[in-house]
Amino acid sequence: MNILMLTFIICGLLTRVTKGSFEPQKCWKNNVGHCRRRCLDTERYILLCRNKLSCCISIISHEYTRRPAFPVIHLEDITLDYSDVDSFTGSPVSMLNDLITFDTTKFGETMTPETNTPETTMPPSEATTPETTMPPSETATSETMPPPSQTALTHN
């Protein structure tokens, strides 16, 4: 526990030391100037700082540079649009209603809105017989092969 407290104290002191040594030193009125070895082209020398550094003040600025004021944000000016919040469910599915489907001429399942029960649409009936629709090879194999329910019983 003592080692942990000592570590926290050392870390706190290190942050204070690094802030003081790595920040550029300020000088002149209201800390406008910077202490440098040599002034930049847009600065002029005013006086001598510590450790043989020159206090340099910008020529372009006025008597001293002011910090810009923070922009004022009025909460009354901010308007949020909550119209989409109620309709968003969080799912990636589209907002189409699944209970109502479009009437199609293809085969498939449609829902009737009145009963909410699935209805299977069948193709229009044609006057065909099984002999005309099935190839001769399939009719021969279907006569010789027993139905699938009987084959399952015979293999057990």
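Placement of Cβ uses the backbone N, Cα and C atoms for every residue, glycine included.
Swiss-Prot annotations:
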type     : residues    : note
COMPBIAS : 109-144     : compositional bias 'Low complexity'
DISULFID : Cys27-Cys55 : disulfide bond
DISULFID : Cys35-Cys49 : disulfide bond
DISULFID : Cys39-Cys56 : disulfide bond
REGION   : 108-156     : region 'Disordered'
SIGNAL   : 1-20        : signal peptide
**OP:** For Cys39 (disulfide bond), write down the residues of its own chain that are at least 6 apart in sequence and whose Cβ falls under 8 Å from its Cβ; none is a fine answer.
**Re:** Tyr45, Ser54, Cys56
Subject >> Other CB atoms, at most 10 A from the CB of Cys49 (disulfide bond) >> reply: 19
Original post:
Which residues of the same chain, at least 6 positions away in sequence, have a Cβ lying under 8 Å from the Cβ of Cys55 (disulfide bond)?
Top reply: Cys27, Trp28, Gly33, His34, Cys35, Tyr45, Ile46, Leu47, Leu48, Cys49
Original post:
Counting across all protein chains shown, how many other Cβ atoms sit within 10 Å of the Cβ of Cys35 (disulfide bond)?
Top reply: 19
